[in-house]
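Student: So that we are looking at the same thing, I have put the structure below in structure tokens.
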Amino acid sequence: MLVLLLFFLSNFACTTLTLPTSVLLPENVDRSVICQLELDEAKVKHFKDAIENSYWFELFMDDLPLWGFVGELPPGKKSENGKHALYTHKSINVKYNKDQIIHVNLTQDNLIPLEAGRTVELTYSVNWIPTDVTFARRFDVYLDYPFFEHQIHWFSIFNSFMMVIFLTGLVSMILMRTLRNDYAKYAWEDDDLESLERDVNEESGWKLVHGDVFRPPSSLVLLSAVVGTEFGFCLNIILAMKTWYSGLTLFRRGAIVTTFIVCYALTSFISGYVSGGMYSRSGGMLYPSLLQAARNISNNIPPLTHFQSSLMLVCSGKHWIKCMILTASLFPFLCFGIGFVLNTIAIFYGSLAAIPFGTMVVVFVIWGFISFPLALLGTVVGRNWSGAPNNPCRVKTIPRPIPEKKWYLTPSVVSLMGGLLPFGSIFIEMYFVFTSFWNYKVYYVYGFMLLVFLILLVVTVCVTIVGTYFLLNAENYHWQWTSFFSAASTAVYVYLYSIYYYYVKTKMFGFFQTSFYFGYTLMFCLGLGILCGSNLFVRRIYRNIKCD
């Protein structure tokens, strides 16, 4: 059934008007009255503000959008003394093929001066025109081919591809030359005690921290939940883009968001599986030598009995339930918190941008009955099936002191510098995505997006490897969070770019528009940061060295 909603924008607050059902029938309508509008001082002021700031309304007909300005200000009259005029007649041209609507067009006329105390009639007319265009091609008129397929778009892809070649070459040099030489030197056995002592004295860098590099990181539960969410995100993005690329999302408003929510719910099992396995391998029921040493010490010192029980609680994986719940609720609750604040602001301003209560209930049901149980199941399966300890080096009882290094080898600097290259690989695509979302263009080049996404993954892996290698060479074994943030910091640069885009590329103003812009951008950057984080390098480089 065809539904027509007319949004008269006033201070970015929307008023809904439903057109008569006669528009639904394939019959021409010359001129018919929708309703009568009584203008008082408040309404006149709102309409004047909308006209002066070039606000426009949006009309949907069978999910096809139409746009038009609220009114018109005579040329050269930009003050309140000018005669603001309101469009009161809407003429809709509808092209159809058999029983399907193919194209709609809106024109406006009959300008009426805005004066308080006046009653105006809002009218419409409909003209039905047959066409041979098929239903599958009806969105072509809305696709901005010159904008999205501009030469600069292709150039950015080529530039990112060259960056991938450079980074993979750099990583290959590290792995094939530096590490191979280190392996050969470190694995060399010599019965000569003097030679052996000389080799030990010459050791430096990442080899010296082999007894501490697999020590459980701080906030292991949070790290496991974030990494698990990251893997679910990767699969979620691939599935969602496959659906978007098919073009099905163009035929229904909100289909992109719906697809993402459904895919996120279905991939929650993967998130839980990775999270549970990582937690169990890193801190749950691991390091029996460390646990036994702590047990022996605490048995001899009565005051440490409580310490023994606490350590056994952590090392035996008793906190895996927290990990399970956090994995299932981390990103959804972050989005819920941001969405709740934005929804409150929208309700305060009386805007239709507020999410309906029914929609919130549906999303909560999807999370509670699909996403949450799948995440719990995945965590249990991952903890029991992929949680066996497989560290190539034994963790020493006493942590090794970390020497002081230059400022550019500190974890914070390594993390911030790591996000520059991944951001550079998606910088141009971010412009098209922001323009599509905030300037209301139909984004359809999902092939570009998939290619940029794959380039982002490769660049992220390369940057993480290089950053982690330099950190370990500085004899700093706290690599887990640094490795994650060195790639996740890409989201920081995207958010900084969004600030530039807001002030330079948009004409938004006021608390309502600003809060929605930065709120939704923050939600996007949180997801991007979780998606980019990585820590898969260290286990590989310590696999071939000799450990006591």
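Cβ coordinates are placed from backbone N, Cα and C, and glycine is handled just like the others.
Straight out of TrEMBL:
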SIGNAL    1-18  signal peptide
TRANSMEM  152-175  transmembrane segment
TRANSMEM  220-241  transmembrane segment
TRANSMEM  253-275  transmembrane segment
TRANSMEM  325-349  transmembrane segment
TRANSMEM  361-386  transmembrane segment
TRANSMEM  407-434  transmembrane segment
TRANSMEM  446-472  transmembrane segment
TRANSMEM  484-504  transmembrane segment
TRANSMEM  516-538  transmembrane segment
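In the displayed structure, how are the listed features positioned relative to their neighbours?
Tutor: Residues 256, 259-260, 263-264, 266-268, 270-276, 278-279, 282-283, 319, 322-323, 326-327, 330-331, 378-379, 382, 446, 449-450, 453, 457, 480-481, 484, 527, 530-535 of the same chain lie 6 or more positions beyond the ends of the transmembrane segment (220-241) yet place their CB under 8 Å from a CB of it.
Outside the transmembrane segment (253-275) by six or more residues, the chain places 60, 63, 224-225, 227-233, 235-236, 239-240, 243-244, 323-324, 327-328, 363, 366-367, 370-372, 374-382, 386 with a CB less than 8 A from a CB of the stretch.
Long-range contacts of the transmembrane segment (446-472) within the same chain, counting only residues at least 6 positions beyond its ends with a Cβ under 8 Å from a Cβ of the stretch, are 148, 153, 157, 160-161, 163-164, 167-168, 170-171, 174-175, 205-206, 209, 213, 234, 237-238, 241, 244-245, 409, 411, 414-415, 417-419, 421-422, 425-426, 429, 432-433, 479, 482-483, 486-487, 490, 532, 534-538, 541.
With a threshold of 8 Å between CB atoms, the same-chain residues lying at least 6 positions outside the transmembrane segment (484-504) that come near it are 223, 226-227, 411, 414-420, 422-423, 426-427, 430-431, 434, 438, 456, 460, 463-464, 467-468, 514, 517-518, 521-522, 524-526, 528-530, 532-535.
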Student: Are there at least 3 C-beta pairs under 8 angstroms linking the transmembrane segment (152-175) and the transmembrane segment (407-434), leaving out pairs fewer than 6 apart in sequence?
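Tutor: Yes, these stretches are in contact.
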Student: Can you tell me which parts of the same chain pack against the transmembrane segment (361-386), counting only residues 6+ beyond its ends and a CB-CB cutoff under 8 A?
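Tutor: Cβ under 8 Å, 6 or more out: 228, 261-262, 264-266, 268-281, 284, 317, 320, 323-324, 327-329, 332.
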